[in-house]
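> Submitted below is the structure of interest, expressed as structure tokens.
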Amino acid sequence: MMAYIWDRCSVLELYEAFARGDVLELGDADFDYLAAEHETMLVKFYAPWCGHCKKLAPDFETAASRLKGTVPLAKVDCTASPDTCGRFGVTGYPTLKIFRNGEDSSSYDGPRSADGIVHYMKKQAGPNSVTLRSEADVEAFVNHFDASVVGFFSGPDSAQLAEFLKAAGVMRDHFRFAHTINMTLGLKHGVDTESVLLFRPPRLSGKFEESVLRFTETITTHTLRRFIRDNIFGMCPHLTNENRDKLKGQDLLTAYYDLDYLRNPKGSNYWRNRVMKVGYQFASQGLSFAVANRRDFVDELEEEFGLGASDGGDLPFVTIRTQQGFKYTMREEFTRDGKSLERFLEDYFAGRLKRYIKSEPIPEKNKGPVKVLVAESFEEIVNDPEKDVLIEFYAPWCGHCKSLEPKYKELAEQLYSDPNIVIAKMDATANDVPQGFDVQGFPTIYFARADKKDQPKRYEGAREVKDFIKYLKREASHIPVVSGVREDL
């Protein structure tokens, strides 16, 4: 009878575990001892009501299934297990952390797509630096989709090896490390003293740059990080959703086409070689280059550059995005001799290109109390040196924006007779937001004072009409005229 009860309970437990999928569910009662059983584990701290958590859930579950047996993924409901979440400093949702043997190792700062999580967490499994014992080990390690950093050292007591391993522990989230204490394994690459080599991905090797670079300084975490950061991508890397944030912090030209290094590496490098040949001529002028699979960036290209999936046909289409957020597109067809790209770059560096601005049409009639802004009219209206301008950046689907709308309109009506103040709004989903205005959510409100257009201020106050008027009395360059009556300060 007892055996029957045990078997039945076991079946129920297995069924419940299966129903939950491959993401482990941890809580206050079991977190410490279950987390300690795993060398590496990714934990999602969440709240059931959190919209971002719900959006992440399917990707997290898919990643857990694909990583099963390699790196476990777990989740903690912070509404049910507040003690655990509090202990690890969780203040927002979802929060993702990497644990090693039950200890909080680091925050997870990788991508949040299923592919991105899998790619990132595979790097987290195993040691900080892989030990290589043969030439076959070296070749297998460096023949990888990503770049590889390999140290060659004279023995296990090498001081430089100790520093290398320390640096690998700090940077393992971002780069692949391996080492050997058999110096003869480096002879093939010209290594005759303790050295660190950076191997760029073999698929990106070409005649315009070295595929293997030697680190020549004394090893510290700082010097090695700087060397890797400055050299890992090379002249024309493959832009992906996983490395996009690292690459887009610079002035970047990207050629988008049907790139597939798994199925068609030779064809993928055909256009990359032409980008590199032309880019080599402009290498000293501060512009970086990349190639990307257009299918990975369809939404971004349409949203940010107005380019559809069929634009360009089989030919690449080329964009430039600067650190300041300025955008340019090459409208001429990409010719196989590279001459069209060369002309595009000559025009870019000569300042002859017109910036691409995503904008709705300028309204034919704009006489209402709330002035409608679009990207094309923003400069003229907002940067008018005679006007103070209050700007609401909104989204048509935003509930808070809809709640604000009647109050914002009433404010504009009360100030309609004031010639010095403009109350305006712009759909930030249909128009590019200009530099200097940081819009991360909706509604976001800014005030551009007449004599301080280069210093727009974010409005952080309450959103009743009286609150806006009080703010404008304090911040405006002129005494506001409210409902036709000039108000005293």
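Every residue gets a Cβ built from N, Cα and C, even glycine.
Feature list, courtesy of TrEMBL:
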{"type": "DISULFID", "residues": "Cys50-Cys53", "note": "disulfide bond"}
{"type": "DISULFID", "residues": "Cys398-Cys401", "note": "disulfide bond"}
{"type": "DOMAIN", "residues": "3-126", "note": "domain 'Thioredoxin'"}
{"type": "DOMAIN", "residues": "335-477", "note": "domain 'Thioredoxin'"}
> Residues with Cβ closer than 8 Å to the Cβ of Cys50 (disulfide bond), same chain and 6+ apart in sequence?
Tyr93, Pro94
> Using a 10 Å cut-off, grab the number of neighbouring Cβ atoms around the Cβ of Cys401 (disulfide bond), all chains included.
20
> Sort out the sequence-distant neighbours of Cys398 (disulfide bond) for me: same chain, 6+ apart, CB within less than 8 Å of its CB, listed by position.
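In sequence order, Phe442, Pro443 meet the Cβ cut-off.
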> How long is the line from the C-alpha of Cys401 (disulfide bond) to the C-alpha of Cys53 (disulfide bond), rounded to the nearest angstrom?
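Just about 23 Å between their Cα atoms.
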> Per DSSP, what is the helix/strand/coil residue tally across the domain 'Thioredoxin' (3-126)?
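So the counts come to 55 helix, 25 strand, 44 coil.
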> Could you give the mean pLDDT over the domain 'Thioredoxin' (335-477), rounded to a whole number?
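In the predicted model, the domain 'Thioredoxin' (335-477) has a mean pLDDT of 94.
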> Could you put numbers on the helix, strand and coil content of the domain 'Thioredoxin' (335-477), residue by residue per DSSP?
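Across the domain 'Thioredoxin' (335-477), DSSP assigns the residues as follows: 46 helix, 24 strand, 73 coil.
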> So if I measure Cβ to Cβ from Cys53 (disulfide bond) and keep only same-chain residues at least 6 apart in sequence, which ones fall under 8 Å?
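The answer is Lys44, Tyr46, Ala47, Tyr93, Pro94.
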